Amino acid sequence: MRPLAIIGPTGTGKSALALDVAERLGGEIGVEIVNADAMQLYRGMDIGTAKLPAAQRRGVPHHQLDVLDVTETASVARYQSEAARDIETIAARGAVPIIVGGSMMYVQALLDDWAFPATDPAVRARWEQRLVEVGVATLHGELGKVDPDAAASILPTDGRRIVRALEVVELTGQPFAASAPTIGAPRWDTAIIGLDWETSVLDERLAARTDSMFAEGLVAEVAGLLRHGLREGVTASRALGYAQVLADLDAGGDGSAAREPTFVGTRRYVRRQRSWFRRDHRVCWLDGGSPDNVDRTLRAWRAVS
């Protein structure tokens, strides 16, 4: 059974659309969802990632949620392998896999079977030492000078991925994205739906989403995760919302001042997501406010199938 992917910027309603599609198909065939949001891989990172609670998943099985502790480092290559196995297993039992998420490299690695360049421990160690010496913001700026596209797609707080991109550039002499596949037929002939809103409307949605996260207890969630090693987590500690709350707590605040930088950071991330996904000509884009998105999604999927 061929998969369906629902991708796009943060806060556009991808999870809700996926569940609506799953319910519509449920009378005909089984449906299971495969997460493609890097931060939803983490156990306990629920409020700040807008992870759907189990009770709100409408009985639809979900995969690649809550598979890492916050002390573990998320890896695109590992995700690619494990999520691909999930998709092929779901399809083999005659159900439809729906891939849902907006983590750019995770989506592309999965749908295009991205082959990752080899690593060199000595080169990696040298860039990691450089990160310690100059800090993540400066190193992100250095990446921007040698590979602007990679810098645009990587959060300026994500030291691990900045180091990896610089390592690949040094080892291959090519931009980090040169290791990415040429966009052609998507893996498994996946139908790809993109969900987005007009910018001012999405900004309002992001503001409301940010307010809701703080009202629902994001600061308390971060405090609880600190007891489980969040601060030592290479990737988890840099997640949007979590990094900002940590910074405010470290500055002696109570976490509430993290609301505005979280909103600003999320809006900036949305711009990067749009730039990345809009380059993919295979995506069928839908307006998030349209009332017939389920029907349009199913038409696109059936046209592929």
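The count begins at 1 with the first shown residue.
Quick reminder: no glycine exception, Cβ is built from N, Cα and C everywhere.
According to Swiss-Prot, the features are:
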BINDING   GLY8, PRO9, THR10, GLY11, THR12, GLY13, LYS14, SER15  ATP binding site
BINDING   THR10, GLY11, THR12, GLY13, LYS14, SER15  substrate binding site
SITE      SER103  site 'Interaction with substrate tRNA'
SITE      ARG124  site 'Interaction with substrate tRNA'
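Structural mapping of features recorded in Swiss-Prot.
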{"residue": "GLY8", "record": "ATP binding site", "DSSP class": "coil"}
{"residue": "GLY13", "record": "ATP binding site", "DSSP class": "coil"}
{"residue": "SER103", "record": "site 'Interaction with substrate tRNA'", "DSSP class": "coil"}
{"residue": "ARG124", "record": "site 'Interaction with substrate tRNA'", "DSSP class": "helix"}
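SER103 (site 'Interaction with substrate tRNA') has its Cα within 10 Å of the Cα of these recorded positions: GLY8, taken from GLY8, GLY11, THR12, GLY13, SER15, ARG124. The Cβ of SER103 (site 'Interaction with substrate tRNA') has 22 other Cβ atoms within 10 Å, all protein chains considered. Comparing local CB density within 10 A for the binding-site residues THR10, THR12, SER15, the maximum falls on THR12. A simple Cβ count within 10 Å picks out one of the binding-site residues GLY8, GLY13 as the most packed, and that one is GLY8. Minimal Cβ crowding within 10 Å, among the recorded positions LYS14, ARG124, is found at ARG124.
Looking at GLY13 (ATP binding site) and ARG124 (site 'Interaction with substrate tRNA'), their Cα atoms lie 38 Å from each other.
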